[in-house]
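To start, the structure itself, in structure tokens.
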2 protein chains.
Amino acid sequence: MSVTAAAGFAAAGVTAGLKKSGGLDLAIVQNLGPLTSCATVFTANRCQANPVIWSQQVMKDGVVSAIVLNSGGANCYTGTIGFQTTHATAEAVATGLGISAGDVLVCSTGLIGEQLNLDLVTAGVVDAALALKTDAASTPDAALLAARAIMTTDTTPKQSVYVAPAGWTVGGMAKGAGMLAPGLATMLVVITTDARLSSAQLDAALRQATRVTFDRLDSDGCMSTNDTVSLLASGASGIEADEAEFTAALVALCQDLTLQLQADAEGSAHDVAIEVRNAASEPDAVTVARAVSRSALFKTAIYGNDPNWGRVLAAVGTTDAAFDPYGIDVAINGVQVCTAGEPDQPRELVDLTPRAVSVVIDLHEGDETATVWTNDLTHEYVEENSAYSS
Amino acid sequence: MSVTAAAGFAAAGVTAGLKKSGGLDLAIVQNLGPLTSCATVFTANRCQANPVIWSQQVMKDGVVSAIVLNSGGANCYTGTIGFQTTHATAEAVATGLGISAGDVLVCSTGLIGEQLNLDLVTAGVVDAALALKTDAASTPDAALLAARAIMTTDTTPKQSVYVAPAGWTVGGMAKGAGMLAPGLATMLVVITTDARLSSAQLDAALRQATRVTFDRLDSDGCMSTNDTVSLLASGASGIEADEAEFTAALVALCQDLTLQLQADAEGSAHDVAIEVRNAASEPDAVTVARAVSRSALFKTAIYGNDPNWGRVLAAVGTTDAAFDPYGIDVAINGVQVCTAGEPDQPRELVDLTPRAVSVVIDLHEGDETATVWTNDLTHEYVEENSAYSS
């Protein structure tokens with residue numbers, strides 16, 4: 001139950017043969033209207049994949065009728081041929097669904113620098129388009145097939161749904177198990193709603209939501225070339241959602257998906273929430289939390305169940321945030337191991353055996369707070385990423 | 001042969017009992033003059049250890065008669081007691097050698113947030129001071145003991161010597177096997193010379209040398225709280241070195257030590273040189289090379305002997321350097337896998353089995369070049385750093 005939970009959407013997931021490992025690898029989500037509003041957030045990476053370049057053009061008018069996603073290849077740094085493949089994919093979807101190619105978003109994920117097999121993609125699109133014409137396409141089962149088709153190293157599909165008391169619904173699916181970094185990650189997210197909202201309204205809500213959720217998930221510090229978060233509104237509920245209420249629901253939904261992505265991050269053994277309190281500004285809080293989330297030494301220590309708080313402060317010290325090095329408190333899983341830059345409670349009191357880890361850093365400089373979510377750095381991460389080339 | 005190669009220096013390395021693992025853990029290098037010139041470069045980390053805070057005060061007059069270094073504890077985030085320990089260490093050295101405590105640099109390395117045992121330190125200083133009064137203190141053996149005493153997770157001591165045709169000598173020792181990052185690393189370096197040079201001349205040469213050597217070693221992206229590179233001149237050769245010649249020798253010596261540090265980086269299986277060519281500026285070249293050197297995905301791929309050049313470009317794309325995403329060439333170990341943002345030679349041609357790896361990124365934006373040295377991210381790195389707490 002995710003992208004088909006809201007009225008006015010159909011989904012399909014099929015096996016096109018793009019993934020070497022086999023299995024579902026192509027999905028389409030269709031907006032049946034009456035509205036075709038859409039908002040998107042793309043990777044901040046300056047090296048952008050062909051589907052990102054294409055989709056940015058599609059978004060110029062804010063009208064999107066369908067989104068097609070494939071795993072098994074990023075279609076990035078594949079040159080003119082690669083762009084033609086993206087274009088042809090959108091054309092195939094347009095033909096299959098009787099819509100305009102200019103209203104079709106394309107998302108790809110997988111290895112960079114390899115051409116996608118267009119024949120396989122096209123055949124997959126035909127299969128998916130047929131499936132979308134059946135009644136089953138609006139069921140939770142169809143949504144689950146789509147959520148499965150976009151998985152790469154994910155071990156589970158990620159879905160979330162919120163039904164508003166006012167009568168509208170928002171649901172979403174996500175993939176991404178590595179490269180979960182700022183400006184998004186190797187992350188593809190499709191969110192649908194049947195609320196009546198314009199593209200501009202969707203855009204404002206989506207930017208606010210991603211800023212405090214997906215953008216603060218930093219599993220391994222790496223930023224993908226393909227990330228796309230899209231939010232489509234069909235208006236099929238007939239209800240004009242209150243913007244503040246919709247934004248709040250969207251934040252909650254995105255946070256749910258964010259934490260699902262964190263929990264399934266490649267090879268991770270701990271989910272770490274790094275909260276910076278009393279920063280002089282929100283950017284300061286995010287900067288400090290992100291620096292800690294990117295410290296290989298901190299992340300390996302957490303893997304080893306070692307509450308090595310010196311590695312936290314060493315990471316804080318690399319930032320330009322406002323702080324007094326000898327005015328910082330650090331607590332790990334509730335044990336205040338450092339107060340005002342001096343040892344406080346014995347580190348031996350910290351229990352790091354649970355998967356969930358909380359690190360609280362109090363800068364005592366203001367009243368702004370931010371949390372960045374990350375994972376530990378494990379043998380399994382090294383294994384997956386040294387072996388993964390497909 | 002290293003810090004005693006230049007005339008006018010004595011060295012000692014003793015076992016003070018600070019390292020849980022046992023072994024040599026305290027070293028003193030004494031400048032016997034006639035000059036007491038000195039220059040230092042400290043960590044750029046804003047969270048600085050007590051010995052760094054102390055040594056910065058010592059350097060205010062550029063006069064240094066001795067440097068004392070210990071492994072077995074960083075003496076960082078240890079508060080007032082920790083600062084008193086550093087101060088008392090300098091006083092003990094002063095007493096033992098008949099010099100002023102204000103002319104004694106102190107360096108420490110090890111775990112953050114734990115007090116050093118001052119009684120052990122003091123006893124070690126007494127032992128070292130006695131050793132320094134013997135003829136053996138100016139031998140290569142004494143220098144080797146000192147180089148061994150500063151090792152933490154290093155597997156070998158690092159030493160280098162250059163004898164100038166003009167008659168002066170420069171020699172150095174280094175420690176550091178992790179946290180080898182910009183603004184230096186968990187790296188302690190002592191360099192001595194018998195050339196006649198003022199502290200200002202040493203400072204200019206040292207800053208130029210560290211900028212293109214130690215500062216471009218980025219093994220794991222982490223920056224230490226304790227890094228110190230010191231350069232002491234005794235003038236004992238009586239020769240006023242040509243500044244340009246001295247600087248060139250110092251750059252070569254620092255590069256030699258840098259590559260020794262890289263080769264011994266914690267758990268590494270590959271030494272990777274990332275060269276960025278034809279950047280619009282030197283900072284651009286460094287920024288791009290450093291971004292690649294910090295990509296966990298790139299580093300794990302190299303560990304897996306996987307020439308995954310998409311991960312190189314994905315890292316380049318996170319920077320603000322001047323480049324056209326579709327104007328970049330990438331070569332790995334001599335095979336041009338990407339030309340102008342498109343696949344060129346098959347990645348299967350790249351042989352990554354040797355320890356040395358060359359990545360050349362051509363931005364085609366100007367004529368500036370820089371190299372950053374890094375390592376791969378391995379199981380052994382994770383093991384050492386998840387277990388290491390001492």
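Note: Cβ is positioned from N, Cα and C throughout, glycine not excepted.
Listed in TrEMBL for this protein:
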type: BINDING; residues: A:Thr152, A:Lys175, A:Thr186, A:Glu266, A:Asn385, A:Ser390; note: substrate binding site
type: ACT_SITE; residues: A:Thr186; note: active site, nucleophile
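The Cβ of A:Thr152 (substrate binding site) has 22 neighbouring Cβ atoms from other residues within 10 Å, across all protein chains displayed. The 10 Å shell around the Cβ of A:Asn385 (substrate binding site) contains 28 further Cβ atoms across the protein chains shown. Chain B lies within reach of A:Asn385, taking the binding-site residues A:Thr152, A:Glu266, A:Asn385 and requiring a CB-CB distance under 8 A. Within 10 Å of the Cβ of A:Lys175 (substrate binding site) there are 28 other Cβ atoms, across all protein chains. In the three-state DSSP assignment, the secondary structure recorded for A:Thr152 (substrate binding site) is coil. When secondary structure is read from DSSP and collapsed to three states, A:Asn385 (substrate binding site) falls in the helix class. In the three-state DSSP reading, A:Lys175 (substrate binding site) counts as strand.
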